[in-house]
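Per TrEMBL, the features are as follows:
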- CYS11, CYS14, CYS29, CYS32: Zn(2+) 1 binding site (BINDING)
- CYS82, CYS85, CYS110, CYS113: Zn(2+) 2 binding site (BINDING)
- 78-118: domain 'TFIIS-type' (DOMAIN)
- 11-32: zinc finger (ZN_FING)
Amino acid sequence: MDTFSNCSGFCPSCGSILPELQVKGNVICYNCKQEFQPDVYSGEKSEFTIHFNTYDPEKVFNRTKRESESSEADGPVVERKCPKCNHDKMSYATLQLRSADEGQTVFFTCLKCKFKESENS
């Protein structure tokens, strides 16, 4: 008995949502295992929007200029003396580079001279 026959995309027998329509073959309901022709999707419309990344060289080149000119931190700031210029503030970032039962690797960057060093904690 087709009690749900007027709802496209749903099983006409049990009312379950039917799986996606494949390129070939019929549609088989997950719930009642009945097989239907692809026309059970008649009236359905699908829309897709694909967003591509655009390349804007002006943004790329301006970003590199700003990064080299600014003294903004790339992460949290700590009071740590730079071994190169003796500035007293460095930013840091952590990564788990070694196995899980060992500590993280901490990467420090001087805010003044951009000197980088790492420490295994």
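Placement of Cβ uses the backbone N, Cα and C atoms for every residue, glycine included.
Feature map: annotations from TrEMBL on the structure.
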residue: CYS29; record: Zn(2+) 1 binding site; Cβ contacts under 8 Å, 6 or more apart: CYS11, SER13, CYS14, SER16, LEU18, GLU35, PHE36
residue: CYS32; record: Zn(2+) 1 binding site; Cβ contacts under 8 Å, 6 or more apart: CYS11, SER13, CYS14, SER16
residue: CYS82; record: Zn(2+) 2 binding site; Cβ contacts under 8 Å, 6 or more apart: ASP88, MET90, CYS110, LYS112, CYS113, PHE115
residue: CYS85; record: Zn(2+) 2 binding site; Cβ contacts under 8 Å, 6 or more apart: CYS110, LYS112, CYS113, PHE115
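For the Zn(2+) 1 site, the Cβ centre of CYS11, CYS14, CYS29, CYS32 serves as reference, and the other residues of the chain with Cβ at most 8 Å from it are PRO12, SER13, GLY15, SER16, LEU18, TYR30, ASN31, LYS33, GLN34. Each residue of the domain 'TFIIS-type' (78-118) gets a DSSP state, and the totals for helix, strand and coil are 0 helix, 18 strand, 23 coil.
Helix, strand and coil content of the zinc finger (11-32), in residues and according to DSSP, is 0 helix, 3 strand, 19 coil. Each of the binding-site residues CYS11, CYS14, CYS113 was scored by the number of other CB atoms within 10 Å of its CB, and the largest score is that of CYS11. For CYS110 (Zn(2+) 2 binding site), other Cβ atoms within 10 Å of its Cβ number 22.
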